[in-house]
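**Q** Can you keep this structure in mind? I'll have questions shortly.
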Amino acid sequence: MNIHEHQAKAVLAEFGAPVPRGYPAFTVEEAVAAAEKLGGPVFVVKSQIHAGGRGKGKFKGLGPDAKGGVRVVKSVEDVKTNAAEMLGRVLVTHQTGPKGKQVNRLYVEEGAAIAKEFYLSLLVDRETSMVSVVASTEGGMDIEDVAHATPEKIHSFSIDPATGVWPTHARALAKALGLTGGLAKEAATLLGQLYTAFLAKDMAMLEINPLIVTEDDHLKVLDAKLSFDGNALYRHPDIRALRDESEEDPKEIEASKYDLAYIALDGEIGCMVNGAGLAMATMDIIKLYGAEPANFLDVGGGASKEKVTAAFKIITADPAVKGILVNIFGGIMRCDIIAEGVIAAVKEVGLQVPLVVRLEGTNVELGKKIIRESGLNVIAANDLSDGAEKIVKAVKGAA
């Protein structure tokens with residue numbers, strides 16, 4: 001789960017991280033009130049969307065010379081003018097795609113005198129089962145661009161959760177960023193604060209870009225992005241309360257209500273599969289036959305008829321879907337339950353696109369019999385390759 005920048009900074013501030021003062025604003029009036037509280041002399045008006053590249057982004061409906069989604073201004077009146085221009089508009093960045101995202105809230109923050117910019121992040125390293133710390137002197141840029149152009153400027157080290165942060169880690173961070181004296185001590189303190197927050201809140205990623213050195217020689221978190229492990233949210237009602245559903249795909253929100261693992265993609269063939277590995281294999285073979293998957297959807301090992309029906313309805317709600325492939329290997333999951341769910345869903349929502357069903361495993365013959373006797377126009381497949389080939393042919397033939 002992702003949260004907005006202003007929320008991320010509030011979370012980090014709880015652990016003592018140095019963040020600039022600022023206030024969220026949902027209206028122009030709230031933006032003005034925030035600026036008046038801050039007092040100036042410099043304000044930063046930031047669009048709050050779940051995407052990077054806001055500063056270089058462009059608002060739809062404004063000219064090519066218009067300012068982006070992060071604006072530095074020097075008066076309360078300028079805050080008012082820019083807030084009025086930004087709120088309610090769609091901001092397009094390199095991460096949003098051409099559709100962009102509507103700006104429904106702003107963050108009005110005090111300006112900072114910047115001497116240097118750094119990059120700092122904490123990530124879960126699944127290979128080593130440790131927390132990976134990534135640091136670079138090239139802050140304020142996309143880390144992917146830095147990795148491509150100057151990989152030698154990216155430094156990383158791992159922290160073992162069994163032992164936590166040691167002085168050696170602090171020295172490694174200071175060396176990576178070229179910090180000495182008081183700034184090196186501040187970096188050591190900050191690393192401890194960030195690591196504690198990372199573990200305490202079950203984060204999947206903590207990214208600060210940029211982490212700055214101010215002109216009076218102090219570290220400050222100028223921008224922050226936090227992502228949380230969705231499977232651990234039950235332990236953090238405070239974090240769960242920060243969820244902004246307007247930033248998420250409605251289909252993914254609906255899927256979460258049924259504990260379905262659903263991720264929307266850009267293809268034309270909807271997939272309903274049980275098991276993450278089989279789901280990925282299904283997506284791969286669809287691509288092998290020349291089409292693109294419209295989603296990743298894992299119904300899990302113990303899905304009920306109602307859960308399968310919900311999954312089918314979520315897939316068909318995507319207007320980009322031109323065909324559906326159901327691929328089930330019944331171990332814990334029974335094929336007859338899948339068949340009943342598919343039939344119930346088709347009868348409820350109707351079937352406007354080709355549907356191929358491949359069943360194998362527990363009660364497979366009963367499942368096939370249920371589908372065969374349903375009277376619905378469902379194409380049966382013998383195996384995964386056969387199913388992928390049939391759905392791709394059906395979709396391309398209907399095009």
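Glycine is treated like the rest: Cβ placed from N, Cα and C.
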**Q** Given Swiss-Prot annotates Gly331, Ile332, Met333 as substrate-binding, which of Asn231, Asn274, Asn377, Asn382 belongs to that site as well?
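**A** Substrate site check in Swiss-Prot: besides Gly331, Ile332, Met333, the record includes Asn274 out of Asn231, Asn274, Asn377, Asn382.
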**Q** What residue among the binding-site residues Glu109, Asp223 has the most other CB atoms lying within 10 A of its CB?
**A** Glu109
**Q** Pick from Ala112, Ile332, Met333: which of these binding-site residues has the biggest number of other Cβ atoms within 10 Å of its Cβ?
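**A** Neighbour-count leader: Met333.
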**Q** Neighbour count, 10 Å Cβ-Cβ cut-off, for Glu117 (ATP binding site): what number do you get?
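**A** Taking every protein chain into account, the count is 18.
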**Q** For ATP, with binders Lys46, Gly53, Arg54, Gly55, Glu109, Ala112, Glu117, what's the maximum Cα separation in whole Å?
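**A** Site span for ATP, by Cα atoms: 19 Å.
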**Q** Look at each of the binding-site residues, Gly53, Gly55, Gly331, and point out the one with the fewest other Cβ atoms around it within 10 Å.
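**A** Each of the binding-site residues Gly53, Gly55, Gly331 was scored; lowest Cβ tally within 10 Å is Gly331.
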**Q** Using DSSP with the three-state reduction, classify Met333 (substrate binding site) as helix, strand or coil.
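**A** SS state of Met333 (substrate binding site) = coil.
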